[in-house]
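Summarising the annotation, TrEMBL assigns domain 'DNA primase large subunit C-terminal' to 270-438. The [4Fe-4S] cluster binding site annotation in TrEMBL covers C280, C359, C375, C415.
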Amino acid sequence: MEIVRSQRSRTNTPNDSVSTLPLYRYAPQLEVRLEDFEVFAMDRLRVLKGISDALARGKRPEEMENLVRDLWKANMRHPEASEDVNKDIISHFVLRLVYCRTEDLRKWFLSMETALYRYRFLLGSSEAKRALMEEFDLPCKAISRTEFENAKEKLEQVARSFDQPLPTADAIFYKVPFEEVPELVAGRRVYIHKGHAYVAMHQVVSLVVTQFRSNLSKALILTNRKWTSTIREQERDRLTPIVEALSMSYLGPDYSQTKEFGEISIKDLDQLARSSFPLCMRHLFDKLREDHHLKHGGRMQLGLFLKGVGLRMEDALAFWKAEFSQKVGAERFDKEYAYSIRHNYGKEGKRTDYTPYSCQKIISSTPGVGDHHGCPYRHFSEENLRAALGRMGVGSRAMEDVVDKVRNRHYQLACTLTFEAVHSSSCDAGINHPNQYFSDSHKILQPKVEIVI
């Protein structure tokens, strides 16, 4: 896969005989614009993260099918229909490169790509499924009519035990080595005879997915070796920065400028902190009020958040000065701290308009001793987290759900459940950004609370 900067990628229209669900065995021999390299990967990442959130929420299989269909349609369609398959393949291999680099990244990517493959296979036609099985060269063979009649009673027993329709005379079953379908064997959902599992057509997805997962797992290890031995160094000035940043990419709206609620006043901050700040920002705000000081990481995290919710630069300077002057004095504040606040608003240095931190960036931070920034769901002890959630008004039952998600490292979902508990309102999109939490909270509470702007 060759990457070019300005050429339009020229690719062949996929042959109609090729399944629209690729095998991803080989990287495509295509020229890809650098812009497409990143955009395609981010589009696919939106799909995978949507699947991850839904699985963590315990969505049912039929809900997952509909979700995957909608996510794919919303993110993976190309303006030119003939390019859809190429976008699919390119995005997969880009993310394979992105997520091959550590064990945790490989584990997440393998799970999400396997889930995506499962539901895309289920959504396909019978003809597409059979074509894909042939392409995979799966170790299975359709049973003969005689074999079906001999095993019919056993097959009916399996079907009854799972409330499935009884197999009819025209039903298709495949004879497969039982070790190739471990999830069906573990669930006692197949009849096994002489080392072979009799797999119904509607169960073939288990065989396909097992094969796909095995192939991808091996490929990720090989890709990691190539990345560490050659690619990372060869592409250090071009692809490496993109690859290393993609796994941490924020995929939601831009909160660098407040757009929905206009500006907020200093006198509203305490009320807003109690009602609409996410836990990470509420903790920083409370610590600032308590200690009249925050270290650099805390000042950046809270300061950019306040900028994003609508605090003007002049008010930000006044707010921070009022707090810090109680600890370091007004003169020292003006000399050592005021510049960084103006810098965050794009009024100093390179005049960069800095963006508030996303959940992903906050979760990946590493607070040291005396720091208060970071994600409380990741960085707090369970005892401290429970105490903080209690102060936010999270009930005992919801608190257990939040703590359970934290134990399973679903930190953003834990924040989402906190939002739902505090606001008694669902948040199906999930929380992906502190400023999104504030925005969604403000939309819910605006009719109930008057904020003076």
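Every residue, even glycine, has its Cβ placed from backbone N, Cα and C.
Using a 10 Å radius centred on the Cβ of C375 ([4Fe-4S] cluster binding site) and all shown protein chains, the other Cβ atoms total 26. What surrounds the [4Fe-4S] cluster site, by Cβ distance within 8 Å of the Cβ centroid and not counting C280, C359, C375, C415, is the set P278, L279, I362, I363, P376, Y377, R378, Y411, Q412, I431, P434 from the same chain. Its Cβ taken as reference, C415 ([4Fe-4S] cluster binding site) is surrounded by 27 other Cβ atoms within 10 Å in the chains shown.
Predicted-model confidence for the domain 'DNA primase large subunit C-terminal' (270-438) is 94, expressed as mean pLDDT.
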